[in-house]
Amino acid sequence: MTEQGVPTKVLEIAEGIKTMRIRGAGKIARAAAEALKIATLEYGGPKDVSSFKKYIGKVADLLISTRPTAVSLPNAVMYILSSLHRANPGTFDDAANTVVFFAEKFIDESINAVKIISETAAKRIRENSVILTHCHSSVAVSAITEAYKLGRVLKVYSTETRPFYQGRITAKQLLENGVPVVQIPDSAVRYVMHEVDHVIIGADTVASNGAVVNKIGTSQVALAAKEARVRVYVVAETYKFSPTTLVGEPVPIEFREPTEIVPEAWVQKHPRIKVLNPSFDVTPPEYVDAIITEIGVIPPQAAILVLMERMGWALDKIKQGGLTKIKFEDYAE
């Protein structure tokens, strides 16, 4: 336990998310839920509801500060905290049990969502298809693997995905699953697109207008696919849909250190050269053919309906005129 009262394991999870040792929107969300569970089980402060809510709100703020773009993280945290708020527990034990219950429920439902999406996506792939995927998405890997088991995938092109090379993780996992895979540089996407039948990619965030925020380079993949008349399927759990975009809040794009692109010595040698390192980009909805979720296949323009159906806690705030940005302290009172 640290001096601030936050368990060491929780701090390790937060640091893992921040430094990208924990990667992927789904894994980040489940890690955050697990962190709230650990924080609750190891809570050592005053055993009253008010003190506990303030403590768990502080832990939530710590977690959400780690990665600004992937909405899965705040959605996971807010799902748990809003459940605590609605439960209105009268005792500390009730409050703690509520957090643990909904943290475990979120993790279980998140894992089950991947299974449902994979089965749905696999059925939309034609036999003997060539697939292209970008970056690393657990649900995309699962969907492609499921399609391969059905005999519908001939081979997969996996981009390397600089600068962290998450595409190598994708290629390794697909190969372990028996799927024939070809690793390509990001710049080769247009070169191979004439061979591709389907693009399958994950999402870090889906906006209310259907725009998809994902790893940098995704929009270029979608652009090349559009030119070649190749269908683009986004596989995404509904907790990756952003409620704040309902009221016009833009999705913040994370910019990381220049030294992830070029060595520190190069930066020092060329101080007048600025290095831009955005982690994500935005793919407009018109470049996406369908978003495949655990509740069904939808056109991007229907994203707002998913938010209205699934994000009740956020809509409550909007109706009250109080949602511009989600604030965890709202639930620590």
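Numbers here mean position along the shown chain, with the first residue as 1.
Backbone N, Cα and C define each Cβ position, glycine as well.
There are 28 other CB atoms within 10 A of the CB of CYS135 (active site, proton acceptor), with all protein chains counted. Classification of CYS135 (active site, proton acceptor) by DSSP places it in coil, neither helical nor stranded. Residues or ranges marked as active site, proton acceptor by TrEMBL: CYS135.
There are 28 other CB atoms within 10 A of the CB of ASP204 (active site, proton donor), with all protein chains counted. If you look up TrEMBL, you'll see ASP204 marked as active site, proton donor.
For ARG23, GLY24, ALA25, GLY26, ARG67, ASN214, LYS215, LYS240, the entry in TrEMBL reads substrate binding site. Long-range Cβ proximity for ARG23 (substrate binding site), meaning a same-chain Cβ under 8 A and a gap of 6 or more residues, is found for HIS136, PHE164, GLN166, ILE169.
Every protein chain shown contributes to the tally, and the Cβ of ALA25 (substrate binding site) ends up with 29 other Cβ atoms within 10 Å. Reported as a whole number, the C-alpha separation between ALA25 (substrate binding site) and ASP204 (active site, proton donor) equals 5 Å. All chains included, 24 other C-beta atoms sit within 10 angstroms of the C-beta of GLY24 (substrate binding site). Counting only residues at least six positions away in the same chain, the Cβ atoms of HIS134, CYS135, ILE201, GLY202, ALA203, ASP204, THR205, VAL234, PHE280, ASP281, THR283 sit under 8 Å from the Cβ of ASN214 (substrate binding site). Using the Cβ center of ARG23, GLY24, ALA25, GLY26, ARG67, ASN214, LYS215, LYS240 for substrate, the list of other same-chain residues with Cβ within 8 Å runs, in sequence order, LYS27, ILE28, ALA70, SER72, SER137, GLY202, ALA203, ASP204.
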